[in-house]
Amino acid sequence: MQMGVAVLVLVIACGVVSVLFAIWAIRSVLAADQGTQRMQEIAEAIREGASAYLTRQYSTIAIVGVVVFLAAWYLLSISAAIGFLIGAVLSGVTGFIGMHVSVRANVRTAQAASLSLAGGLELAFKSGAITGLLVAGLALLGVSVYYFILTVWLGYSPSDRTVIDALVSLGFGASLISIFARLGGGIFTKGADVGGDLVGKVEAGIPEDDPRNPATIADNVGDNVGDCAGMAADLFETYAVTVVATMVLGAIFFNGSDILSSVMLYPLMICGACVITSIVGTFFVKLGVNGSIMGALYKGLIATGLLSIVGLAIANTLTVGWGEIGTVAGKSITGTNLFLCGLIGLIVTGLIVVITEYYTGTNKRPVNSIAQASVTGHGTNVIQGLAVSLESTALPAIVIVGGIISTYQLAGLFGTAIAVTAMLGIAGMIVALDAFGPVTDNAGGIAEMAGLDPEVRKATDALDAVGNTTKAVTKGYAIGSAGLGALVLFAAYSNDLAYFAANGQTYPYFADMGPVSFDLSNPYVVAGLIFGGLIPYLFGGMAMTAVGRAGGAVVQEVRRQFREKPGIMTGKERPDYARAVDLLTRAAIREMIIPSLLPVLAPIVVYFGVLLISGSKAAAFAALGASLLGVIVNGLFVAISMTSGGGAWDNAKKSFEDGFTDADGVKHLKGSEAHKASVTGDTVGDPYKDTAGPAVNPAIKITNIVALLLLAVLAHMS
């Protein structure tokens, strides 16, 4: 036990180091030069808009959070309610601080890029690393400190239901914040982007980030609340939920075993070791002699991955060791096999990154095919973009299937859980790559609006093009890890259900349940699969509709300002930027509520609906379990298709900004008919990749974690 406490303290220390590194990086970024007075004025407008939106968003979520907190206290326990509060607050804090730094780093990055490309890269990446290491550090601290309080201070057994319910509630708190942040931020950012592009680029013929466009500031605000705060909340949730689900599986599989404490600590130690490797990896991000920005970022990612292999070995040595640790479902589990499962998780991460970059990177076949299709018109651009989005699901799915089967063969479902934990262990570096994107995008916008030298805009455009790819790559990683993480949650659901059924005397609600079968000959299972499968499509449709409405409102507002203030186009009148920001803030908050509640309420509706119709608890639990699988499978494909397809559409549009040479050798420049067709495709792809697709991620996980909590509530009530 003393060794276990020492390991837990070491894990907590790793989380503290991550947060301290982020604080050091914040001080370093804020000490950088902010540039000219005009640059600072533009940055201040972006900062005010982002802060106003996020404050209003979190105020709205807080109302829902208070209701859920009281419900968790009443239906479960005070420890579960506190767990929910910890998950929700830390998720919100991560996004808020990350965005707070991002909206201050943008102007500093623009100024640094005016001096050198290497300087701009260093500052933008350091800003991204702050968000990344806050995500990893605070998620690790949230789970490990609360686990320490429950098991060491309060003396609960690691497998006690109080501990498990409290940790699952912590994951639910993170999930609830995540789905609101992802969806609300996505509606804001893409409403601004779509509305601004349609009127500014297509109708008025002015370039991106032109200060004459009334939606320009709103667009830059959206980059931060969507790609920075939204992604931070998303991966914070995935990180926390995956670690919790792995610990829950460990508690179920090894209950009563001498090694139970070590098994519960193993995923925490993996994350603790990997957060340190992520910190070290940030120092490898340096621009090389070839000037490749993507190469510089990949150096950091590869270094983190290789060092994490050593981290996995350390985690094994300090917790489960290398020999046999037990038998689960007739399969012998060894420490060596668990290490190999962690290694497979890192390999899956690498493959997903490479595949996503292929489908979204400039000068790659998929993006070039969309650019080529733009030459023949708007319709062919959309058709080819949809084709690429559908095709982009195949290879990631094969990689994920390979990861599931290989880890299951090595160590059963617990091995799969360890693989996902290893994937999430390097989330600090992955989020750093993602948060790099909005900083460079904003830096380019500030350079354009402040009228800086074209060479500065050239440097920020180079950073932004890479940032666009890193955002797509990290979305692919987030979706892959979310799909595997949801599978671990489903395993926790099915095993938790079996545990309650086997202990009917302690949990009377489950005593007369009868056997639960997930056999496909069971009509309730098929019905559950179909119902679960519709959720990602319905959710995605609601998200796209919300962006369409928000974007339409922006179009009307921008047209109104151009009509009523003709001096805007000549530079004699200043656009009312604040009006578009306020309009989008109200629209995003209003539009995010109903879609966000869909995946939260769906599991409850499935269970009680089938119970009411069939009168059988076993049928209701079978239908609920099947619906979770339906959400996982369809959600995985919908999310990958939308994010990769949208990223490809975006970079196809960017291909025309320096001139795209088609198959016949004709060069098409910005403003050409082919470029206008590519803007249309990007208008479709924007809400695909930045609103609906990413928001499906937390929707997949929240349905599973609500199902787990439903089991806990029914057990507690009995």
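Cβ coordinates are placed from backbone N, Cα and C, and glycine is handled just like the others.
Less than 8 angstroms from the CB of Lys689 (substrate binding site) sit Ala472, Lys475, Met642, Thr643, Ser644, Gly645, Gly646, Gly647, Trp649, Asp650, each of them six or more residues away in the same chain. Per Swiss-Prot, substrate binding site is recorded for Lys190, Lys689.
Less than 8 angstroms from the CB of Asp193 (Mg(2+) 1 binding site) sit Asp219, Gly222, Gly551, Asp686, Asp690, each of them six or more residues away in the same chain. Here Swiss-Prot flags Asp193, Asp197 as Mg(2+) 1 binding site.
Swiss-Prot lists Asn220, Asp223, Asp441 with the feature Mg(2+) 2 binding site. Every protein chain shown contributes to the tally, and the Cβ of Asp223 (Mg(2+) 2 binding site) ends up with 29 other Cβ atoms within 10 Å.
Annotation comment: Swiss-Prot describes Asp650, Asp682, Asp686 as Ca(2+) binding site, evidence class similarity to another entry. Of all the Cβ atoms in the protein chains shown, 27 others lie within 10 Å of the Cβ of Asp682 (Ca(2+) binding site).
Look at Arg182 (site 'Important for ion transport'): DSSP puts it in a helix. Annotation source Swiss-Prot lists site 'Important for ion transport' at Arg182 (among others).
Summarising the annotation, Swiss-Prot assigns site 'Important for ion transport' to Asp227 (among others) and lists similarity to another entry as the type of evidence. Under 8 Å, Cβ to Cβ, and six or more positions away along its own chain, Asp227 (site 'Important for ion transport') finds Gly185, Thr189, Asp434, Ala435, Gly437, Pro438, Asp441, Lys471, Asp690.
What Swiss-Prot lists as site 'Important for ion transport' is Asp234 (among others), and the listing cites similarity to another entry. For Asp234 (site 'Important for ion transport'), the count of additional Cβ atoms within 10 Å of its Cβ stands at 33 [all protein chains shown].
The site 'Determinant of potassium independence' feature in Swiss-Prot is assigned to Lys471; the stated evidence is sequence analysis. Within 10 Å of the C-beta atom of Lys471 (site 'Determinant of potassium independence') sit 28 other C-beta atoms, taking all shown protein chains into account.
The local packing around Asp690 (site 'Important for ion transport'), expressed as other Cβ atoms within 10 Å of its Cβ over all shown chains, amounts to 32. In the three-state DSSP classification, Asp690 (site 'Important for ion transport') falls within a helix. Swiss-Prot lists Asp690 (among others) with the feature site 'Important for ion transport', giving similarity to another entry as the kind of evidence.
Annotation source Swiss-Prot lists site 'Important for ion transport' at Lys701 (among others). Note: Lys701 (site 'Important for ion transport') has non-local neighbours Ser175, Ser178, Glu237, Thr238, Val241, Ala482, Gly485, Ala486, Leu489, i.e. same-chain residues 6+ apart with C-beta under 8 A of its own C-beta.
Annotation comment: Swiss-Prot describes 6-26 (among others) as transmembrane segment, evidence class sequence analysis. With a threshold of 8 Å between CB atoms, the same-chain residues lying at least 6 positions outside the transmembrane segment (6-26) that come near it are 101, 126-127, 129-130, 133-134, 136-138, 140-141, 144-145, 147-148, 152, 265, 268-269, 271-273, 275-276, 278-279, 318-319, 428.
Under the heading transmembrane segment, Swiss-Prot lists 54-76 (among others). Remote same-chain partners of the transmembrane segment (54-76), defined as residues 6 or more beyond its termini with a Cβ less than 8 Å from a stretch Cβ, comprise 83-85, 88, 92, 95-96, 99, 165, 169, 172-173, 176-177, 180-181, 184-185, 225, 229, 585, 588-589, 592-593, 709, 712-713, 716-717.
Swiss-Prot lists 112-132 (among others) with the feature transmembrane segment.
Using a Cβ-Cβ cut-off under 8 Å and counting only residues 6 or more beyond its ends in the same chain, the transmembrane segment (133-153) has close neighbours at 5, 8-9, 11-12, 14-19, 21-22, 25, 79, 82-83, 86-87, 90, 93-94, 97-98, 162-163, 166-167, 170, 174, 232, 235-236, 239-240, 243-244, 247, 264, 268, 271-272, 274-275, 278-279, 282, 427-428, 431-432. The transmembrane segment annotation in Swiss-Prot covers 133-153 (among others).
Among the features that Swiss-Prot reports, transmembrane segment is placed at 168-188 (among others), with the record citing sequence analysis.
Residues or ranges marked as transmembrane segment by Swiss-Prot on the basis of sequence analysis: 240-260 (among others).
Its Cβ placed at the centre, Asp650 (Ca(2+) binding site) has 27 other Cβ atoms within 10 Å.
With pairs at least 6 apart in sequence, the transmembrane segment (168-188) and the transmembrane segment (593-613) have 3 or more Cβ pairs within the 8 Å limit; the two touch. In sequence order, the recorded positions near Arg182 (site 'Important for ion transport') (Cα within 10 Å of its Cα) are Asp234, drawn from Lys190, Asp197, Asn220, Asp223, Asp234, Asp682. Annotation note: Asp682 (Ca(2+) binding site) sits in a helical segment as assigned by DSSP. Asp441 (Mg(2+) 2 binding site) has a Cβ environment of 26 other Cβ atoms inside 10 Å. Against the transmembrane segment (413-433), stretch 265-285 has more CB pairs under 8 A than any other of 112-132, 265-285, 385-405, 620-640. When Cβ distances are compared across the two stretches, the transmembrane segment (112-132) makes no contact with the transmembrane segment (620-640), since fewer than 3 pairs at least 6 residues apart fall below 8 angstroms. Sequence-distant contacts of the transmembrane segment (168-188) (same chain, at least 6 residues past either end, Cβ-Cβ under 8 Å): 53, 57, 60-61, 64-65, 68, 72, 76, 80-81, 83-92, 95, 139, 142-143, 146, 218, 221-222, 225-227, 229-234, 236-237, 240-241, 244-245, 248, 543, 546-547, 550, 584-585, 587-589, 591-592, 595-596, 599-600, 687, 690-692, 694-695, 697-699, 701-702, 705-706, 708-709, 712.
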